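Positions annotated as compositional bias 'Basic residues' by TrEMBL: 166-175. Positions annotated as compositional bias 'Acidic residues' by TrEMBL: 196-207, 224-234. Sequence annotations record features per position, and here TrEMBL assigns compositional bias 'Low complexity' to 208-217, 273-287, 305-322. Taken from TrEMBL, the feature compositional bias 'Pro residues' applies to 253-262. Annotation source TrEMBL lists domain 'Pecanex C-terminal' at 1218-1443. As annotated by TrEMBL, region 'Disordered' applies to 98-120, 153-328. TrEMBL lists 36-53, 59-77, 421-439, 451-469, 476-493, 513-531, 538-555, 561-588, 609-630, 636-656, 703-725, 731-748 with the feature transmembrane segment.
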Amino acid sequence: MGSQALQILRQGVWASLTGGWYVDPHQSTFSNCFHLYLWIFLLAFPFLLYMALPSSIVVAGSYCAVVAVFFTAIKVVNFRLHAMFDLGEIVEKRQASLTTDPQRVEEGDEGSGAHDGSQHRYLKSSKGQLCLCKPHHRGSSHLAFIILSPRKRGTAGSSSFDCGSYRRRHGHSRGQRRDYIPVRSRLGAKAYSESLFEDSSDEDDGSDMSAGSSLGSQRRFSSDDEDDDEEDDSSSSTSCYSPDLANASIASPPVPPPPQLPSPSEVDSVGPSHSRSAQRSASTASAKTHARVLSMDGAGGGHTSTGTLASTLLPLPASSTPAPRPLTISKSDLEARTGHSEPFPRAHHRLDSLGGSWAGNQTGWRAGELLEEGAVGGEHPDDRGEGQAKTVLQILGVARKVAQSALRPTGPAGPTRQVRLIIFCSFFVILAYKLTFLYLCCRNRRVGENVFAVVLASLVAFLGFLLLLQGFFRDIWVFQFCLVIASCQYSLLKSVQPDAASPMHGHNWIIVYSRPVYFCLCCVLIWVFNLAGDSKSLQPFSLYGITFFSAHFLLCARDMLIVFILCFPAIFLFGLLPQVNTFLMCLLEQVDMHVFGGTATTSPLSSCYSLLRSMLVAALVYGFCLGAINAPWGDAHVPVLFSVFCGLLLALSYHLSRQSSDPTILWSKLQFLLSLLRKEISGLKTLMFICSLLQKEILHSDLVMCPLMAIITFAISASTVFIALQPALSFVLYILAGVVGFLTHYLLPQLRKQLPWFCLAHPVLRSHEYSQFEVRDAAQLMWFEKLYAWLQCVEKYFIYPAVVLNSLTTEAHSVSQNPDKPALFISVAGMKLLRSSFCVPSQQYVTLCFTVLFFQFDYPRFSETFLLDYYFMSILFSKLWDLLYKLRFVLTYIAPWQITWGSAFHAFAQPFAVPHSAMLFVQAVFSALFSTPLNPVLGSAVFVTSYTRPVKFWERDYNTKRVDHSNTRLATQLDRNPGADDNNLNSIFYEHLTRSLQHSLCGDLLLGRWGNYSTGDCFILASDYLNALVHIIEIGNGLVTFQLRGLEFRGTYCQQREVEAITEGVEEDEGCCCCEPGHLPHMLSFNAAFGQRWLAWEVAATKYVLEGYSISDNNAASMLQVFDLRKILITYYVKSIIYYVSRSPKLEEWLSNETVQEALRPCLSASYVDSDPTFNLNIDEDYDHRASGITPTSFCMVYLDWIQYCNSRRQTVSKPVDSERDSPLVTLCFGLCILGRRALGTASHSMSASLEPFLYGLHALFKGDFRITSPRDEWVFADMDLLNRVVAPGVRMSLKLHQDHFTSPDEYEDPVVLYDAITANEEKMLISHEGDPVWRSAILANMPSLLALRHVMDDGSDEYKIIMLNKRFLSFRVIKVNRECVRGLWAGQQQELVFLRNRNPERGSIQNAKQALRNMINSSCDQPIGYPIYVSPLTTSYAGGHTQLRSVWGGPVSPHNIYTWLISSWDRLQKGCGAGCNSGGNIEDSDCGGGSTSISNNPVVHPPQSTAPAVPQSQLTTVQSLGKAHIQHSHSQYSIEVMQSSCHHFGRQHSSAVADRKP
């Protein structure tokens, strides 16, 4: 704990204050000195220039130029050295005998590594050290690269290098030339750079298994220390494992192959080629765990998790090849490989690996042999003089002395294998590690990043020195400002990792630019405000008594920015400023929401698109408004141009409110239209067309509604009703808006709550399902839901537009008489208020009532105009709501009577938080103003303000990717069963829940089933096993964008306690203080009412109905424990095989196949018996104990009747198949049944009769792992459909029949019942392994029933479960959680795990706190901060897809629907007239339902709870093909997956009504 605290103080607190500089005792003295002198230079240089030289722009330019040159030099050297490390590895390639050498395959066909005709000399040490001496021409600087990989030895002296022994050992001639090729050309440049030499980043969050699986699939090379030690030190050689030559190397004499460098993913052992699969023994699940541990442990900096270069290997004799060792998966080994397990050897040990004979006084490299080999000086000594070589040897001796004093151990727990680079030049010596360079300076991988860093550093220097020259800082503040400049520049070289505002573990390259960007922005603003304040050219204006943009105002703003920039160290220490992209997204989102009335955004691109869209509309209507104001206004006259302005403003605001802020949706539509023009419509494009119906119908509806609304608004405005009826009309509208709003958004939701006003024990307005114990049907539409929907409709489309238009008219009339007020404000305010009333009308009535009461009655002297008052009060009230939620969260969380201390720190911090209550209130106001979370420190009662975040909150677009057979290798599927944990398998149910919510969420919200809602609200859906947090991000007019986060099924103890808290009722509580006097009927007791008011959550609904799957799991071991039960399973297995044989359309082909008949001919013998040890008397019903096996006679005695019955039910037009005892059909069935049972025994890997091998084999066959090992069964390969279409579905169907046997044990003895049951199961049920992609496709396609056999290996458990899914309607409890509670706890977890690096799995911040649901909220964070089992993409739900809402509001008023309605009306009129002309005619009889296509009765879209057509077993191939089309890029493409389940409904009904009709 103490060491961790010191590490946080060094790398967190002190580094944040200085911009990244701190003294790391685990690094070398050279590194610490380099950082210290670099930081002192950046601090002292501008300070001395300012103090010593006169103030001049030339000095500022010179300072900027010096900084630019300095940064350019460092960046260039750093970039080139890292590139040299990445490309500096060599693999020897023989030039001679390339075509005849059997080892040519190992070297590859790449070109030579020699550059410019120069020769490379290759030296090998006795302990796996690799030296490359690169010769140059005469006269050039002497340059030698020595890449060494020291390995741990017992003594330091064992690392001596003997080049002569190496030469003599391998018979290298003096004149022999060698060429070298880079390792990256062998492994691939991308894999080499990404897997071997990348520093740690947070690209992989643990959910994407592609990287994890590649970890296990890379080639692994290693060396064996024991075999290496047995050989002589001076004659050791090195080899590289090659899968292509391993077998050849074993059989051939032990001629050492060309030395190569191994892959950095090597482990601790090496084996021949037959153990290659054993070397890839790490499963993707373990790789996922490795990735997460690396991410957690790499938080200290980018250098700690960098891939290390492995040492070269020694050849192993063919006779003593060591057994391969599996990949180490322990955390300690991971930490050892990432820099956290054990210290490096001391400096003199490492220097001994270079050879103590550099100075000529120790054994090691022999100078004569070095000269003989040409290792020194780069060429043979015959070509170059000995004096030059001796000079280099003297430099080597100096290098040893310098390195001994300069280098220290490079950190605790460093890798055991490192790469050292020594550059010997005539004037300087550099000795460094690859990790040392990563520690010295942050690595910029692209040239553009280096250029941008240099430009930023120069800009910081120039702007900062300009502020110094202008005299903004005096005395000590000059030094403070220079410290700020130094910290901003130093962070570009060595940034704070992790930063207090970093949202991810490891190295965050974006956060590097935060300090200089904010510094440049503040400097520019200071300079602009100073110029504007001195120029006095701006015209100030007054608003509510405050004068804006006056000289005094601008100078005050400048001074505040000066103080702000001086506080940069403290600001970045507490992480109050986000990274640049987050700041840009938050700024644009806040401006669009509060200024233009926009919705929340989902990405920086979305925020830019949304703001530009709003500004474009505002500019468009501004021209009409300006022209209308400049036109003459009479007392009872409204200019025509102003009426046009009102119509356009209302129509465009309505259209903007119905569109999502994500531009990818529009882009997907354009892509589809382009594909139509090019006539490139594929299956996926057709599916995209089906999925875009909802959005297209919205556009079609707007095409009609927007002109209609514009015309009506123009007519109303031109009628001068808003002028003639003043002021009575204004008060009538205000009262009407207040009454309707109070009734709609307060009274009705309170009466529908589970605990109205926290006084009543039951809701007053109850749903139809409230009293049902188990919901069996979809939710019924109640009268109060219709009332709520219509009241919202009236409020959105009549009352608030009238209020805004009335205010616009009076405001424009006053502005025309007083031209001082800008016309732009009228356009912006009108658009903001109209869009807000269309999107979120639930809070408008409170704002409107307060504005009227405060400015019309209480303080009319403070009022500007009603439109101005209403506009600014809407912004103020949005902040006040946030403040109210924050204060509720804080008071609920720290209430002393319900505080839950999760750790000793919580108990310590609780009393110290009391005196800081005033500061806490100030923080709450500050955080509400800037939309920042207020998070508890380490989950305690101490709160701090975090940095501002968007409504979406998380900067990354994280979503879960399920591991199944579609994204894992076949060998991994067969050997290790990836994704066999409960969390991965259960995530599909949350994905299906997301689909259900996408159909129904928007409509249910508009019907009031979730109560009041607003942007950013969070809800928890809780059922028997599903617990999901739904985060509502964007709310539009008829659309809702949300994200679902599914929690674990079997959660922790803390999660279970909180689930109990939200599911248990409080109606039975009868306590009052310390006694139990009871309570009034249908009322809550005093204790219950008091406790409910002190919660950060409330129950919004108890019976919310959604379509889902009921999950039942049975332990397979208990169902197959007895031999009789296993015999029943085998019997059904055989009968299922016979069924599928008889039903196969290829039966005639199989019976006529000569290969099959030839193989089965021995079975026709009367004496034939198959006595395979697999068969057992206890489990095989047709076992013949006299023959000790299974004979055709015994088989026919049991199964002949079933064969004949199946053959009789065979439906075919060809002639019937013979099914007598010796017929080919019976023989084929006998052979397949024998094969199937033998495959079961083979998969069990045991001939014993125990249960565990039987279950293992059954699960292997269930997932399709059929291993035909007997020569008697190889005939099945004549047609693989015999396995795929007969045996494989047979073993799966037998499990279902075995399940049914417990409910009706004797029913399946009748062949008719059994045959019908198998047929029904085949058509209505999917039986598949959960790793098969068809399983996911079937669930998302709403298959009625599914069955699977699951092998669970979690927490040491190893059990088999039979999973049965049945589609039904599920009942959820909807819990509304305080959104500021969720944001605060999320921010606290991010700060604790990323910045404070608390890796304790039982930390106090995730302990249960029932009043705030702390564990459930914290566990829903993005991985690896939280641990949800599923996080959905951003998903958009449209109101048009909700059938019940369509029945209330009707369908969309689109051109096609209008045309259909006119045609149907004309048809009805003709039929009615024709029937009326006939005597005795009946209009109803002749009508024949002609009105079925009216606007309010459009072609029916399936209800959100309805099911898609069942996918029969025979069409699983189609389902699987659909499953391959699932794409998850954004929430626009996520809708593609949703519509797959309903494409049968939407495919032919392109005119289906999908957007809601608005009156």
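Here the Cβ of each residue, glycine as well, is placed from N, Cα and C on the backbone.
TrEMBL: automatically predicted annotations, no manual curation.
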Criterion met for the transmembrane segment (59-77) and the transmembrane segment (703-725) (at least three Cβ pairs under 8 Å): no
Taken over the domain 'Pecanex C-terminal' (1218-1443), the model's mean pLDDT: 90
With pairs 6 or more apart in sequence, are the transmembrane segment (561-588) and the transmembrane segment (451-469) linked by at least 3 Cβ pairs under 8 Å? no
Between the stretches 451-469, 476-493, 513-531, 609-630, which one has more Cβ pairs under 8 Å with the transmembrane segment (36-53) than any other? 476-493
Recorded stretch, among 451-469, 476-493, 538-555, 609-630, 731-748, maximising Cβ pairs under 8 Å relative to the transmembrane segment (513-531): 451-469
Which sequence positions outside the transmembrane segment (451-469), separated from its termini by at least 6 residues, show Cβ-Cβ distances below 8 Å to it? 46, 49-50, 55-57, 59-61, 63-64, 67-68, 71-72, 75, 444, 478, 481-482, 484-485, 488-489, 492, 512-513, 516-517, 519-520, 523-524, 526-527
